[in-house]
Amino acid sequence: MYKLIYSVLIAFFIAMLEGPILIPLLHKFKFGQSIREDGPKTHLKKAGTPTMGGIIFILATFITMAVIVKKPSDEAMIALYAFIGFGIIGAIDDTLKIVRRKNLGLRAYQKMILLLAISGIFAYYSANNPYIGTSIIIPFKRDTWDLGVFYIPFIIVYFAATTNAVNLTDGLDGLATSVTLLVMTFLALVSFAMGHITLAVFCAILAGALLGFLKYNAFPAQIFMGDTGSLALGGAIGAVAMILKLPLLVIIIGGIYVLEALSVIFQVLSFKLTGKRIFKMAPIHHHFELSGWHETRVVSVFCIVTVILCLVGFLSL
């Protein structure tokens, strides 16, 4: 447990030190965020805020892992590879947005192909790893379910859904950072309790790095994580839950991600079928904004909900 604590502290301080170095550099090279023209008008003033800030917690996590974990387990390396691999896709997307000077990076089908390809690699490895296999734990029943030949397609869809859901959540200052900080803290404790010590250290390190990043990402944000950060976080959550055989648990503890994704799906379906929108704007955090909620209130409420969902998730194990 002490190792988890000082892992958090080291990653936190590294991320804190990176901010004053990286933020001016991104400003200098004009790596600014383009804002959706159809988004809330209050967000237009955020145009030009440096993006690709996910580099801060990715580097902090990588450096701390190298310092703390002398002999990383295979499972910790899987999580780290997923974290970095999906982050690279996000970095490509962010770079294209910056070069084009508009909020249009990879096309939807291009991004999905890349996400599915990397998801497929991890799904295949997991299915053929004797320590992971093709079974998953069913929350509340405390039983396992062997998916057999359906495991690989399930994990591929699961990774794609998780990364996209976290990406959709990253729409307000500090929102995705705060929610994922809580989720990773929970996964660190669960990993530790299940005997996956090195994996628990990875989760703790990432939580610490996110806490340090939050100093610069909280309202008013000095930097955005970009797709570099959000896809990396989705990949990390996906990989850790996959290793623990707990992908279904993410639906509970990551209820905010699920809500954000479903709000977009229902909004699109409703408009196509009836010509009417369910929400004032999707994802749903924008609906609350347009209903008069300040960004900080939305973030606070979503964090409280996540804490409650993590407690429910704990009771389900």
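Keep in mind that glycine also has a Cβ here, set from the backbone N, Cα and C atoms.
Annotated features, as they stand in Swiss-Prot:
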TRANSMEM  4-24  transmembrane segment
TRANSMEM  49-69  transmembrane segment
TRANSMEM  76-96  transmembrane segment
TRANSMEM  112-132  transmembrane segment
TRANSMEM  147-167  transmembrane segment
TRANSMEM  186-206  transmembrane segment
TRANSMEM  223-243  transmembrane segment
TRANSMEM  246-266  transmembrane segment
TRANSMEM  297-317  transmembrane segment
The transmembrane segment (147-167) in contact with the transmembrane segment (186-206), cutoff 8 A, at least 3 CB pairs, sep 6+: no
Contact check, the transmembrane segment (4-24) vs the transmembrane segment (186-206), 3+ Cβ pairs under 8 Å, seq sep 6+: yes
Segment-segment contact (the transmembrane segment (223-243); the transmembrane segment (297-317)) at 3 or more Cβ pairs under 8 Å: no
Contact ranking winner - 49-69, 76-96, 112-132, 186-206, 246-266 against the transmembrane segment (297-317), Cβ under 8 Å: 246-266
Contact ranking winner - 76-96, 112-132, 246-266 against the transmembrane segment (186-206), Cβ under 8 Å: 76-96
Chain residues outside the transmembrane segment (112-132) and at least six past its termini with a C-beta under 8 angstroms from it: 74-75, 78, 81-82, 85-86, 89, 92, 106, 151-160, 163-164, 231, 235, 238-239, 242-243, 245
